[in-house]
Amino acid sequence: MKRIYLALCALLLLLGTGSRPAAAYPYYAQMAYDNPREATGKIVCANCHLNAMPARAEVPQAVTPGQVFTIKVGIPYDLSKQQVLADGSKGGLNVGAVVVLPEGFRLATEEEMTEEQRQETAETYITPYSDEKPNILLVGPLPGEQHQEIVFPVVAPDPKEDPSVAFMKYRVYIGANRGRGQINPDGSLSNNNVFRAPATGRLTSIATIESDLSDLPPELAALVPPEYELPGTRVLSFETEGGLKHLVVPPGPELVVNIGDSVQEGDPVTNNPNVGGFGQVERDLVLQNPERVKWLVAFLAAVAITQLLLVLKKKQVELIQAAELLG
């Protein structure tokens, strides 16, 4: 089942943005990590989405066993921005999110949700991270224009049924990304990056793929990796002290150097096309014992009644004292 699901994700990947999208796909984490949250607390989406952007989250302060509640994740960004797609063209940003719940908490089924909750989640397909980690929820990619906020329906566990769960305060870890990443799952760079000079020297030539790889001289064509074999890919040649050096720049990033320009190693030779980024927040969530709530309500009621009786007793004493003075 998992293989079928990953295949579906790959199909969406291909249809959505080209051959190597590095998009807002939290599912990429499933391919490389057993747990999307590292020991340091960092959610691994940040390893591919290198730019930091805000994430917002609304989490209830407290819930009771069996309660179906919602966690709302906000993914704000400038809707006028467009990102560079895998083929170098411009398009809208996709968004995705991951919610790391305490163990025992899980995604609510449609039957468990209220009508309002079903409507809030009707256009989102949320899945557990894996069969072993049903407490970690993923969603995305989704069109960012329609999904500035994503709602996760969650069921709270019952410590009476699950001894591993206790009535206590927990932490919820939430990550939200928008736009394509800078690192592909295999570790290669996507075209949503700044490309830099490989060595100190002078730019001597720029060869461009107009239609296919045959547009380049054979010695340059051999340098182009398969994922960059696209119209618009450029091969920059630099004259350096160590001989001729080359840099392959995929379509999308715009060159900021011209033939004849001198560069230092590490200097940017393109602009930074990235307009997206990843954000992470943490929230407290209390699993409340309903029996304690009942006793608390009873205690508060007793305190209120006691205070009322004291007030009445005081009034009674005042009336007696007034009568004695008049008598």
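In case you wondered, yes, glycine gets a Cβ from its N, Cα and C as well.
What Swiss-Prot records for 1-24 is signal peptide.
Annotated heme binding site per Swiss-Prot: TYR25, CYS45, CYS48, HIS49, in sequence order, evidence recorded as sequence analysis. Within 10 Å of the C-beta of CYS45 (heme binding site) there are 25 other C-beta atoms, taking all protein chains into account.
Among the features that Swiss-Prot reports, transmembrane segment is placed at 293-313.
The sparsest Cβ neighbourhood within 10 Å, among the listed binding-site residues (CYS48, HIS49), is found at CYS48.
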